[in-house]
Amino acid sequence: MSLAFCGNENNSLAYNVDRGVLNNGCFLDALNVVPHIFLLFITFPILFIGWGSQSSKVHIHHSTWLHFPGHNLRWLLTFILLFVLVCEIAEGIVSDGFTQSLHLHLYMPAGLAFMAGITSIIYYHNIETSNFPKLLLALLFYWVLAFLMKTIKFAKYTEHSVGLRQLRYCITGLLALLYGLLLAVEINVILGRRYLCFTEATEVKPPEDLQDLGVRFLQPFVNLLSKATYWWMNTFITAAHRRPIDLKVIGKLPIAMRALTNYLKLCKAFESQRVKVGPKWIWRALRQAFGRPLIISITFRFLADLLGFAGPLCISGIVHHISKDNRTIQPPLLGVYFISSQEFLANAYVLAVLLFFALILQRTFLQASYYVAIETGINLRGAIQTKIYNKIMRLCTSNMSMGELTVGQICNLVAIDTNQLMWFFFLCPNLWAMPVQIIVGVILLYYLLGISALIGATVIAVLAPVQYFVATKLSQAQKSTLEYSSERLKKTNELLRGIKLLKLYAWEHIFCHSVEETRGKELTSLQTFALYTSISIFMNAAIPIAAVLTTFVVHVHISEEADLSPAVAFASLSLFHILVTPLFLLSSVVRSTVKALVSAQKLSEFFSSDEIGDEQEPNATMPTGPSNHKTIPSGPRNHNNKYQAVVSTQLSHNVLRTLCFLEIITSGYFTWTDGTPTLSNVNIKVPFGQLTMIVGQVGCGKSSLLLAALGEMQRVSGTVTWNIPDDKKSRTRNERKTAPNAPDAKRGSVAYASQKPWLLNATLVENITFEMPMIKPRYKAVIEACSLQPDIDILPQGDQTEIGERGIILSGGQRQRIGVARALYQQTNVVLLDDPFSALDIHLSDHLMQEGIRKLLREEKRTVVLVTHKLQYLPHADWIIAMKDGTIQTEGTLKDIQNSDPKLFEQWKTLMHRQDGEFEKSMTVLERKNLRRAMYSKEASKTEEEHEEESVESEEDDSLSQAMRHRTTIPWRSCGVYLSSAGLLLPLLLLSQLFKHTLMVAIDYWLAHWTSHVITAKMDATGRNCTVAQECGFSHSWYLSVFSVLCCLGIVLCLVTSVAVEWTGLRVAKELHHNLLSKIILAPMRLFETTPLGNILNRFSSDTNTIDQHIPATLECLSRSTLLCVSALGVISYVTPVFLIALVPLAIACYFIQKYFRVASRDLQQLEDSTQLPLLSHFSETVEGLTTIRAFRYESRFRQRLLEYTDANNIASLFLTAANRWLEVRMEYVGTCVVLIAAVASISNSLYNHLSTGLVGLGLTYALMVSNYLNWMVRNLADMEVQLGSVKRINGLLKTEPENYEGLMAASQVPDGWPRQGEIQIQNLSVRYDTTLKPVLKQVNAHISPGQKVGICGRTGSGKSSFSLAFFRMVDTFEGRIIIDDIDIAKLPLQTLRSRFSIILQDPILFSGTIRFNLDPEMKATDDMLWEALEIAQLKPVVKTLPGGLDAMVTEGGENFSQGQRQLFCLARAFVRKSSILIMDEATASIDMATESILQKVVMTAFADRTVVTIAHRVHTILNADLVIVMKRGIILEYDRPQALLEKEDSVFSAFVKADK
């Protein structure tokens, strides 16, 4: 066939110009080439030559600034133009097929126009981002020329009566319109911005975000193509391969997405809706603030869903037209052939190309819908969190203290309820799109199959409520699993906290069994969860098979002439797949909606809870006279002034005995609830620059008085005024400016230290300076006054150490001193200290009083109000307020009170001189020792991690390791560990999955075979003149029965695979937890000392939860999507082997896309999790420290910090969303390419190689499936990789070497009563904590006779505790031996050895359970023995009064008993064991003197015949011992009777005794 522009037939009308050149169709087409050639010639040199040298770009950070107006419209019109041009090319090719020779003019101009269209948009994009408006001239000419040419062509067509019936006429008219619109857009740009012919252009500034170097989230600023394909993310995702993504890399949020912007938008909506009553106001406000983008998302979703139906329709069309030859030749017009749109769409290749474009558009719209919905949800979450925070800042303290609102509830609002609303917004488009999808799907099925389609749809509809029921049951099962897992965690936590005691008493197995028991219950609940999950998975897979089976059975039986061609069969198969999706989503959407309604209700209640005084009330500034408030008003109170703290800055001249007084409260009645007032008729005035002390019994209202002064209490009547003298006024005014939003702006900042110290999760120095600038000398003075230097020296990074949430690593006294240090450091006029000495010992209290309060604060002339129980400090007070039962009993100087109330003064005097014996100097020493131990273990774990390659990754989630990890490889080893734990279930799982997918292919293949035979039979029937195929001997029944059997088998296998996956998951979960617990319980103590407890606990909590619930689901999704893709590609390759050639580049593209995505996705997921923690802890911190923040007037600073945390979390979420969309768009485009190649290849194969039409339908159906499942495969792979991290971390702990529990002797060889005498011989003993560490005891020799009482003393770190641990083989004895009653303890089995001794540890440890269980977990002792032990320990009267006696419950950690009582319980526990050797390791260090003396007596009497080794903290406790051992650096320094050592003046022991007095 020869080639010519106008064709070369001899009788061609194409060259006929008799009626004028313009009346020749070929010449018209040639004329249309001119504009395109012009544009290509003009722009190519500029694009490829000029651009590299031009350098006058506007200097902004991103080259993404879109300058010109009508930008999106231009891109949209260009996309439509390109699509219409493709149609014109296709129309030309199809119409050319009707002639003998090739007519280039039918499609070559359109091809050039397509190239020119692409060139125009690239050219425009470069002009726009480089700000070169003069070059727009070329485009202007092009649009003018193109518009004119198309208009001429259109006019000529109309003249020659070419009408709407001819497709080319429609296309030409459409192109003329598009070129006209693009010309209008161009003119609009030139006139609007005064470009080209104007002398001066309009100056436009780039958006503020693009001027900010920190904004890296460019989705709102890039062009339409980049928006749709997330092209701007390319550099970001590929860069993640080279460098981990952190907050610096992702930068800041654009202004429109920041929490503050969205909060203001929400507030505006709230204000406009607040007037309307009813629970729906919150929804109306959310709709007003965030409804608009949601409507856009829903619109995109509608478009995507409608385009989704193009797949089945095109399959139907392609298969239908392959089996027919429908060409009708029409006479030519204007010398060329014209075809109608029906003929155009009758071409299978045209349908394949249209399907390709429809899929591309559908995927793009779908991803755009997801993105907009998720972005809106994230913006909404940020706004609501900010709204909640601002509400917290104004919350009335009484709500908190009376338990109406707990920290937990508020944190739930932030962590759960805001997320529920966010998820609702994510799923909202589904709510609107699902009904449309279902209705259109059913209509199309009815069109294809008639009444039988409705029956198939009914099957799906009937099973939808079952899905909902299963989903409800699933959430119930999840709830009960959660309850059991929290109980198991509580027990595991106790076990880990008390591991030392359990090992020393050989009770590990008892507690291990208890945890296993709870785990058993949890697993039972998990079984229910797994059962419902497998039912859900089964239904998802089985419902489409059941629906298709039912439909085809009915279809064949209803009518004899049933049309079951491949076109109908495979189109309906695809439609059923589309129809099933919304019905499965239904259950999750309904659940999400219900949860969102509940959350909105909770938020509505929270937002309407009481607030503290509102400063807008005009009369609030006026102080009222005291006479008005003598009585409590009983009438109803106005809500606004309910908690009003009336504040005034009037000058007070109330001078009394040269003291200038600050009047705070006048005739005040205050209450926490609406009942009787807590404080009645209170008048407070405190002297300026002086020390005022408030004293009184516990619960008399001292702390309430301070809070009332700060405006935190509910004021019934009276006034609160802060009168500032002249010299202080200026300072207060300055402070006032710092917090304009504060609810009580008239009062300046007040330094306040609460009774329960409140610390930030920040460094120690940040806790003290508390947002104030660092002034070194002042800071040093404060540290010295609070005696914090020794504590700072212990901390690994000094005062730069992060002290954890609520100061978790510090003791009560240390926390208290930091709280006081903060108050001292602030430069405020007034300092309120609420019982700062409560957790301090006598020496620290004295130091703080002298150096801090009397010296530091007095020198600065600051007004100090101090609440205290330490009456010995009263002489230092300038003014004393004595309280009783919520009123002021008396006030004045100490002398005034001595005169006016001598009885009270005498009472004080006796208390003042009584020695404060509750605490000794040693308490602080002990605190510091504990801190040192905690720090040692933390540091040791860090250094270990640096050395151990294996644990680098194992701890990454605990943010302990900053090392780079193996970022690109999938953790196959962890996958192996997981699957190998499944045991025999693994082969079942693999086989069932393979069989299931083979069967699925078999079902569809059989359908293809059947339908192809239907068509063959019809052709035969036509040939033989039978009216119906059945008459010629064709029967459906054989095909139908095989199809039914295959479908039923498929359904059964779906059930088997879903059960196999879940049961495998359960088996692995059971196995891994059991192994982990067994390993941990037998691990040496070194593991617990070097690994932070939280890390081990995380293995049992979050990691176990991941393995229990998340990995099975991900594994199922991953295996399903992978096998579906593999089977689909297999089927397509079978149908058209040529497809394999095209598969190679597509596979390479997929490999690189998933490789880059997985790394970025993992980093972003971790970043999202890590940015959520500080946000949630900031909320809980704020709630706990509300009074302190408000006293300091730091509300605005904390609000600012919240905005930073929220924005950090939101930007991580947005980048993660954008990364997911980036992946999905690319994978789905690859999928659409698969569809296009498969369609073209199978059409060609069918037309030229006579491939059966059934197989064409099969190939196309599977090609559509690939495009659906490709991105799921990669997403699940990325999730699986993150989740396998849990397996890896648990596996890291499973490699721990256990203690050697076996001995040379068997347990049966050890004598029953051993040790009877309790004789101990220590020979040349050297021990160390680990083979890598130095020895802690060096060649120690000692002999302890039976029944001797031995005391061991020495400084911290001298090896005293190691000495006691050596008896229990808790440390590594590498030299020497210990012989007890003639048996070397190294030969004994560990369990036997430890069960024969008793020990009382320094920290009293009690477990939750009964008193009986705490004394005797092994349940060996009788009640009499237990009561006897309690009587010896002086606890019998205490336990007798408890309900249940021995069966009374002990709360976690023994919190319902005092410290002293807990220590006595430990003594009773040791006595119950009745072993002849008792070791007391600093057992009296943490108890008061009175309890200690009881303990000493008990040991002397009850343990008279036993050997007692006491490791002494206070040397006077071992003065009565038979033998004293003084240790230093692991060796014995002195070894003698205490009397003998005391007689030696130079002995170390006598020096210790002198120091202890």
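Every residue gets a Cβ built from N, Cα and C, even glycine.
The compositional bias 'Polar residues' feature in TrEMBL is assigned to 618-636. According to TrEMBL, the feature compositional bias 'Basic and acidic residues' maps to 725-738. The annotation compositional bias 'Acidic residues' is assigned in TrEMBL to 946-959. Annotated domain 'ABC transmembrane type-1' per TrEMBL: 295-595, 988-1281, in sequence order. Per TrEMBL, domain 'ABC transporter' is recorded for 659-910, 1320-1554. The region 'Disordered' annotation in TrEMBL covers 616-636, 722-749, 936-962. What TrEMBL lists as transmembrane segment is 33-52, 73-94, 106-124, 166-185, 302-322, 334-361, 453-471, 564-586, 997-1017, 1131-1153, 1229-1248, 1254-1274 (among others).
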Exercise. Do the transmembrane segment (1254-1274) and the transmembrane segment (997-1017) share at least 3 Cβ pairs closer than 8 Å, excluding pairs fewer than 6 residues apart in sequence?
Worked result: yes
For this session: Check the domain 'ABC transmembrane type-1' (295-595) against each of 659-910, 988-1281, 1320-1554 and return whichever range has the most CB pairs under 8 Å.
Result: 988-1281
Exercise. With pairs closer than 6 in sequence left out, are the transmembrane segment (73-94) and the transmembrane segment (166-185) joined by 3 or more CB pairs under 8 Å?
Worked result: yes
Exercise. What stretch of 33-52, 73-94, 997-1017 shows the most Cβ pairs under 8 Å to the transmembrane segment (106-124)?
Worked result: 73-94
Problem set entry | Beyond the flanks of the transmembrane segment (1131-1153) by 6 or more, those residues with Cβ under 8 Å of it | 1001, 1004-1005, 1223, 1226-1227, 1230, 1233-1234, 1237-1238, 1241-1242, 1245, 1251, 1255-1256, 1258-1259, 1262-1263, 1266, 1270, 1274
Problem set entry | Cβ contacts under 8 Å made by the transmembrane segment (73-94) with residues that lie 6+ beyond its boundaries | 103, 106-107, 110-111, 113-114, 117-118, 120-121, 124, 167-168, 171, 174-175, 178-179, 181-182, 185, 223-225, 339, 343-344, 347, 349-350, 353, 357
For this session: Calculate the per-residue pLDDT averaged over the domain 'ABC transporter' (659-910) and state the result as an integer.
Result: 79
